[in-house]
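Database features, via Swiss-Prot:
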{"type": "BINDING", "residues": "S196, S199", "note": "acetyl-CoA binding site"}
{"type": "BINDING", "residues": "D623, N624, D659", "note": "Mn(2+) binding site"}
{"type": "MOD_RES", "residues": "A2", "note": "N-acetylalanine"}
{"type": "MOD_RES", "residues": "Y320", "note": "3'-nitrotyrosine"}
{"type": "MOD_RES", "residues": "S404", "note": "phosphoserine"}
{"type": "MOD_RES", "residues": "T406", "note": "phosphothreonine"}
{"type": "REGION", "residues": "2-402", "note": "region 'Pantothenate kinase'"}
{"type": "REGION", "residues": "403-773", "note": "region '4'-phosphopantetheine phosphatase'"}
{"type": "MOTIF", "residues": "724-728", "note": "motif 'Subfamily II EGMGR motif'"}
Amino acid sequence: MAECRASGGGSGGDSLDKSITLPPDEIFRNLENAKRFAIDIGGSLTKLAYYSTVQHKVAKVRSFDHPGKDAEQDHEPPYEISVQEEITARLHFIKFENTYMEACLDFIRDHLVNTETKVIQATGGGAYKFKDLIEEKLRLKVDKEDVMTCLIKGCNFVLKNIPHEAFMYQKDSDPEFRFQTNHPNIFPYLLVNIGSGVSIVKVETEDRFEWIGGSSIGGGTFWGLGALLTKTKKFDELLQLASRGRHANVDMLVQDIYGGAHQTLGLSGNLIASSFGKSATADREFSKEDMAKSLLHMISNDIGQLACLYAKLHGLDRVYFGGFFIRGHPVTMRTITYSINFFSKGEVQALFLRHEGYLGAIGAFLKGAEQDNPNQYSWGENYAASSGLMSTAPELCPTQRARSGTFDLLEMDRLERPLVNLPLLLDPSSYVPDTVDLTDDALARQYWLTCFEEALDGVVKRAVASQPESVDAAERAEKFRQKYWGKLQTLRHQPFAYGTLTVRSLLDTREHCLNEFNFPDPYSKVKQKENGLALKCFQSVTRSLDSLGWEERQLALVKGLLAGNVFDWGAKAVSDVLESDPQFGFEEAKRKLQERPWLVDSYTKWLQRLKGPPHKCALIFADNSGIDIILGVFPFVRELLCRGIEVILACNSGPALNDVTYSESLIVAERIAAMDPIICTALREDRLLLVQTGSSPPCLDLSRLDKGLAVLVRERGADLVVIEGMGRAVHTNYHALLRCESLKLAVVKNAWLAERLGGQLFSVIFKYEVPAE
């Protein structure tokens with residue numbers, strides 16, 4: 001393991017950073033491939049940003065090149081699978097104390113091998129202080145960037161790219177953190193940066209912002225006066241004192257002046273009438289804790305009132321707070337929130353950011369990378385490699401680390417394609433993908449965390465089995481187990497660590513951890529086999545459907561969709577059956593389905609709609625490979641095509657569980673077209689279009705879809721959206737409101753969830769919705 005020692009005057013010192021307990025080669029990951037650097041040096045903390053390329057394995061599928069063979073007769077799979085190396089881009093952000101600046105620069109210099117850059121962008125007050133040291137150690141020219149410009153660019157970046165970035169802090173609520181959904185238009189807003197002093201900036205667009213005010217009374221005031229009053233020199237220790245203090249012992253309250261008469265003034269007796277008002281007349285010593293608390297209230301109330309006045313003056317209702325004074329400290333966030341609520345009478349929101357400590361570093365990086373146009377891409381937080389928002393409770397997490405900021409590590413992956421809202425969302429600004437917020441529902445949270453823990457052995461076993469020729473598969477799988485288990489324990493004690501905790505985020509985190517240890521598609525061979533078997537049955541299924549009368553066929557098609565959706569390897573109730581009974585197939589799945597009336601049953605309403613004029617274009621979000629896509633979805637697609645309806649079939653861009661991927665759907669469609677003239681003609685005439693969603697998870701976020709898909713939806717005038725599967729239609733989007741008609745259908749394959757919804761295992765949800773006029 002590489003070591004990194006603090007150095008002072010050339011001699012060794014303590015370990016890298018008390019706040020980072022990971023070994024240096026895990027902190028400075030992919031440093032050897034770093035292409036561009038930026039650094040934000042504050043009064044006590046340094047934030048380093050660098051862009052690197054990451055090489056990892058991806059599973060690729062390719063159709064066999066012998067079309068003359070009869071796919072139904074031969075016993076070979078429908079396509080071949082290969083694992084290839086792929087290079088992607090990643091942003092790394094690291095926070096460490098300035099004490100260890102020289103040691104970290106030495107480590108970076110010793111491990112830089114492939115960098116082409118000759119410049120490092122620098123911002124923050126320390127950019128001047130450490131300029132010569134950085135240039136000497138890294139042999140890179142320091143380009144100093146404007147602090148405020150960097151902060152604004154960084155703030156815009158995280159608000160656009162990271163879901164649940166902003167939150168309100170409500171101390172007496174459960175949960176304390178209320179995360180905001182991503183708003184499609186983040187402008188305008190007020191940014192209040194509380195460093196040594198206070199800067200207040202109105203941000204109107206990506207490039208237009210204006211410094212509109214500020215104050216000399218800020219974090220430096222709290223630190224300086226606090227040190228004089230308490231003899232405590234460390235900022236974090238001062239805040240700890242404040243958290244234990246009672247300000248009413250030092251402050252003069254309204255009730256101290258007016259007694260019971262304060263009610264006639266319409267004021268609360270507990271309001272502060274005079275900060276430190278009792279200290280002039282009291283004949284006793286005050287505790288350090290009480291003085292620190294009084295000082296914190298005085299400064300926070302002043303900043304809150306100032307921010308509120310500027311927000312009102314400029315007609316703004318969103319105020320984001322950042323700077324070293326905040327840094328995720330609950331006592332600070334609580335006092336600022338109270339102040340904003342009081343002075344604005346609840347009309348202005350005080351919002352904080354999960355990554356506010358990195359805004360300057362992100363902005364400096366973006367300034368240096370303008371020629372690469374990083375804003376043309378979408379970026380996603382990598383949960384496997386990032387630290388979480390720190391606990392406000394006593395430290396319970398297995399990974400012990402002292403508080404020195406909101407984050408220790410942050411990594412963001414560049415996504416292949418830009419992501420946008422589905423144009424058919426009724427109101428993108430109020431859209432919430434997830435049905436249940438597990439940070440808000442303690443019972444559901446404990447159940448799902450336990451559920452994912454108990455499933456871990458099976459995931460590890462499947463990962464190892466997917467790479468039988470790899471000599472280190474078992475070792476990597478064990479590392480995956482340890483990392484994901486650690487994430488689950490963190491989330492047990494800090495459910496807000498990565499924003500709103502949901503089933504979707506638990507699944508995403510698991511996929512990120514699998515990819516981290518080069519298990520890109522553990523179910524690739526399962527999907528290959530099931531696709532091959534289902535293709536052999538396709539013609540018999542369509543012949544059976546064609547023999548039915550119209551009304552009988554519509555119900556059979558829906559039951560086929562539902563039966564296909566049973567085949568979900570992510571559901572333990574199903575995977576147990578599939579592993580114990582290899583003969584379990586399409587007909588057996590139909591018999592598992594709940595009899596009508598279903599748990600949610602809009603089928604009669606749907607049938608009545610089918611008797612009317614046909615839709616123009618249907619957008620279908622498919623779920624699983626094998627029987628689901630081939631015997632459930634494609635016959636349904638075929639029926640829509642026969643009605644003259646165009647179809648856009650959207651599948652995941654990358655693998656997760658046994659969900660069908662876009663590349664697999666292309667091969668499946670090609671094989672089906674060779675057997676079915678309706679599908680063949682529709683593909684040739686572009687009436688059936690296969691597209692990728694732009695994402696990989698088993699759930700579906702309609703606010704982050706491939707831009708090409710959104711363009712196609714507009715061009716084709718889609719007026720029906722079909723979402724199938726538990727992940728896409730129950731865990732997410734169950735309450736999603738669209739501008740057009742929608743079908744949400746799934747089989748509930750989890751007994752606990754089914755009971756909670758008022759049903760039983762294999763209950764059916766068939767939800768047909770028409771938008772209100």
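Positions of Cβ are set from backbone N, Cα and C atoms, glycine also.
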Query - S196 (acetyl-CoA binding site): tally of other CB atoms within 10 A of its CB - result: 18
Query raised in the report: Taking only the recorded positions Y320, D623, N624, D659, which one has a CA atom nearest to the CA atom of S199 (acetyl-CoA binding site)?
Result: Y320
Report summary line: Using a 10 Å radius on the Cβ of S199 (acetyl-CoA binding site), the other Cβ atoms enclosed count 20
Report summary line: Rounded Cα distance in angstrom between D659 (Mn(2+) binding site) and S196 (acetyl-CoA binding site) is 51
Query raised in the report: What mean pLDDT does the predicted model reach across the region '4'-phosphopantetheine phosphatase' (403-773)?
Result: 95
Report summary line: Whole-number Å distance separating the Cα atoms of N624 (Mn(2+) binding site) and S196 (acetyl-CoA binding site) is 54
Requested in this report: In whole Å, note down how far the CA of S196 (acetyl-CoA binding site) lies from the CA of Y320 (3'-nitrotyrosine).
Outcome: 17
Query raised in the report: For D623 (Mn(2+) binding site), which residues in the same chain are close in space, meaning a Cβ under 8 Å from its Cβ, but six or more apart along the sequence?
Result: N565, D568, I629, D659, V660, E724, G725, G727, R728
Query raised in the report: Within the motif 'Subfamily II EGMGR motif' (724-728), how many residues are helix, strand or coil going by DSSP?
Result: 3 helix, 1 strand, 1 coil
Query raised in the report: Other than D623, N624, D659, which residues of the chain come within 8 Å of the Mn(2+) site, judged by Cβ distance to the Cβ centroid of those residues?
Result: N565, D568, A622, S625, D628, I629, L657, N658, V660, P698, G725, G727
